[in-house]
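Asker: Here it is: the structure, laid out below.
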Amino acid sequence: MDDIFTQCREGNAVAVRLWLDNTENDLNQGDDHGFSPLHWACREGRSAVVEMLIMRGARINVMNRGDDTPLHLAASHGHRDIVQKLLQYKADINAVNEHGNVPLHYACFWGQDQVAEDLVANGALVSICNKYGEMPVDKAKPPLRELLRERAEKMGQNLNRIPYKDTFWKGTTRTRPRNGTLNKHSGIDFKQLNFLAKLNENHSGELWKGRWQGNDIVVKMLKVRDWSTRKSRDFNEECPRLRIFSHPNVLPVLGACQSPPAPHPTLITHWMPYGSLYNVLHEGTNFVVDQSQAVKFALDMARGMAFLHTLEPLIPRHALNSRSVMIDEDMTARISMADVKFSFQCPGRMYAPAWVAPEALQKKPEDTNRRSADMWSFAVLLWELVTREVPFADLSNMEIGMKVALEGLRPTIPPGISPHVCKLMKICMNEDPAKRPKFDMIVPILEKMQDK
């Protein structure tokens, strides 16, 4: 089968769907020129493929090597329906490429009059200069130039030249497609790993920042007592299910090193510059999580969990909490598969009871409805996002576990929280597990909250 980039270019929707259904495929990877599958589908006008990629979570504002977004390509090739679709999904209408051109520069230059009108109607700036001091309207033929100026003025735009600044995108994050070769290696040679700095050490092992094949990675070395052939076999069998590349809100395990030859069983995953949601909320990173960012994180997590809940069988021993959610370079929250416990890791022990549903603390895993229990954990994450506090921070894990399970200890919702979030939290934290919603039911609610 041809590669995914060819299938997207040619509009082979059936082949693209089959490729997307394989969880080991990463739809946000790039080719040699940094074109993602979405870039190619937008450039060639493949509407059905564009729709499919967006619905599966393709990044809308991803940039190729020349900093063109999919909107730049759709606009320059006059694919009006695709331009509309990208704008509907919040494409950055004034995204600047390496020459300082925005999508409107290209629509004007290539004579895509209708696309240019659509862009201006949606807020594209007619007077923004590129690196060479040219405005989009400078590129347009005279009749279109006058029309666009008139439209922009009606919409309240100031028609004075906006000089090019190298800082146009400084407040935003530039998202590049990921290296597509990373998901090809499941077994990794331990000797190829370059260890740069130890990040953390706890009961379950050591966490290191490293490099592998020119990429920044995180290396997780598991501490396992009495390593045996049987545990080694379980490790080999359980690892492949954690290599989920097909959803943007799930962070896959890239690969693993068996022990021996590695000193310990080892997992490799993508380096996340902001660390975990716990780091971002409680350990003073550089950016502020305002209400709209909090809703976006909640939506990201709900989408990731909705996807994981479609898998049959469910991935066992996955615990949802703020330490097991990672924050990507473009502020996307991703459920970390490297935090899933293996069958041989401390069975029966709970290390983050503050996020665990009461029934999961009281019963054996096989007697608990995992999907409902995950929804409770999500409600605690919502509480954490709006309060910026660690749940039950003044108690030990042992006390939390006992009090939540036996004494009805619950997070208290402080006054002043948005009534919508408050209501959602209460629904997700219903004492009756059977009455809690499913993740695919709360995704649309969070989408509405985001739009507001």
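Cβ coordinates are placed from backbone N, Cα and C, and glycine is handled just like the others.
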Asker: Can you identify, from 147-179, 180-212, the stretch that Swiss-Prot calls region 'PH-like'?
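Answerer: Of the candidate stretches, Swiss-Prot labels 180-212 as region 'PH-like'.
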Asker: Can you find which of Lys139, Lys141, Lys231, Lys341 Swiss-Prot lists as binding ATP at the same site as Asn200, Asn202, His203, Ser204, His270, Met272, Asn279?
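Answerer: Of Lys139, Lys141, Lys231, Lys341, Lys341 joins Asn200, Asn202, His203, Ser204, His270, Met272, Asn279 in the ATP site that Swiss-Prot records.
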Asker: Cβ under 8 Å, sequence separation of at least 6 from the ends of the repeat 'ANK 4' (97-129): give me the contacting residues as numbers and ranges.
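Answerer: For the repeat 'ANK 4' (97-129), the far contacts come to 63, 66-69, 71-72, 74-80, 83-84, 87, 135-141, 144-145, 147-149, 151-152, 155, 157-164, 168.
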Asker: In the same chain, who gets a Cβ under 8 Å from the repeat 'ANK 3' (64-96) while lying at least 6 residues past its ends?
Answerer: 30, 33-36, 38-39, 41-45, 47, 50-51, 54, 102-104, 106-107, 109-110, 112, 114-116, 118-119, 122-125, 128, 130, 168-169, 172, 174, 177
Asker: For the repeat 'ANK 1' (2-30), give the DSSP counts of helix residues, strand residues and coil residues.
Answerer: 16 helix, 2 strand, 11 coil
